[in-house]
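Enquirer: Before anything else, here's the structure in question.
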Amino acid sequence: MSMSPFYRRHWRHAAILGLIVLTGFGLFLPEWRKAAGNHFALVQTIHEWGGLFYGLAVLGLGGMFYPWPTKSPAKSPGFTRWAYFFIVMLFISGVGLLIGPSWTRSIATVTHAIFAFVFVGWVVWHLVAHIPIRIGKKKPFTLSLARRHFLGWVIGTAATLPVLWSLPSLAKVVSGRTIQQGEVQGALPGFVPYTVTNGYPAIDPATYHLEVNVPGNSIRLSYEQFKALPMIERKINFQCVTGWAVDGVSFLGVDLEKFLLSKGWDPKEKPWVLFYSADGVYTESLSAEQIHQYQPLIAWQIDHRPLPQSQGFPLRLLVPGMYGYKSIKWLYKIDFADQDVLGYWEQRGYPENAYLGSYNGL
Ligand SMILES: Nc1nc2c(c(=O)[nH]1)N[C@H]1C(S)=C(S)[C@@H](COP(=O)(O)O)O[C@H]1N2
Ligand SMILES: [Mo]
């Protein structure tokens, strides 16, 4: 039996959507991002432009482009309407994630992820429910070994794996966004309190020290000593590279450049500053130039209150004008180096110079 024009179109769409969905998981799953390494930007470009063009084509050309043979409704399986619905929703939330003010991004972060998950779940169900299972040609309800049917099962199984795999990440994003707007972990509303470890380090302020290993003048500051330093306040729009943003947040802290210079740092001799988190995993780095240009803070207050545990208590870096991943939380050690040592996300393909807008126009 040769494929009807409908099914030829159907499988062409399935292949395009498969590519968009897979690259989407490539953006969403830390393990996949790591695997993508330096090709990360390519994965994102394929996902964003692919999704945009495909969505526009489906919306704009409708029945002509989409496998939705309006002229012969009898040959149009009902599932195409569901697929159409998911594509439209993914397109709308995807556009909301790419452009628009912070509130659309905040909503779109969650809805785009949820629709993607439900969609993949639906695809799997659709493959299983619509592909006849039979051995031989006469007996129903048995497994067919016809290549196309077999392929369906393989795709279905393969699609399920990343979904199961990324459920914890999804739960983290959704709970961070929706459960009392982050109040559970004491986070400021709108923030997604990320962590790359299993939880938020619980740091005892009574024993905590910030180590600053200026060559020839290593110092250790207790939380109380730190709080006695001169402070400045910065009001910024906090922007995560994944799309969510919180506008007009104020941070109070110590001017990093002034502080390091006052402790004897020579930026010409050691032009790289390395930051370490007490979570034991997360790291960041900034060049003397970046520090001079962006004027980061070592912050201890967010919106006039001490940092909540989930947002870096007792101290975090705050780099105005750069994506959130530069603002390392639970900061406990600062080192100095001749050369750059890539930070946690930079090792996974994110730009070293993370100034806002540096990343695919976000
Ligand atoms: N130690 C540590 N610092 C971190 C992160 C992290 O996972 N661990 N996530 C970074 C990212 S990607 C962002 S967007 C911000 C999020 O800040 P928030 O936790 O206050 O929402 O923290 C940054 N600092
Ligand atoms: Mo981020």
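Yeah, the Cβs are placed from backbone N, Cα and C, and that goes for glycine too.
Quick paste of what TrEMBL says about this protein:
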type     : residues : note
DOMAIN   : 200-345  : domain 'Oxidoreductase molybdopterin-binding'
TRANSMEM : 12-29    : transmembrane segment
TRANSMEM : 49-69    : transmembrane segment
TRANSMEM : 81-100   : transmembrane segment
TRANSMEM : 106-129  : transmembrane segment
TRANSMEM : 150-167  : transmembrane segment
Enquirer: Let's see if you can do this one: DSSP helix, strand and coil counts over the domain 'Oxidoreductase molybdopterin-binding' (200-345), in that order.
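Expert: Result for the domain 'Oxidoreductase molybdopterin-binding' (200-345), in helix, strand, coil order: 25 helix, 61 strand, 60 coil.
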Enquirer: Need one number: mean pLDDT over the domain 'Oxidoreductase molybdopterin-binding' (200-345).
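Expert: When the pLDDT values over the domain 'Oxidoreductase molybdopterin-binding' (200-345) are averaged, the result is 95.
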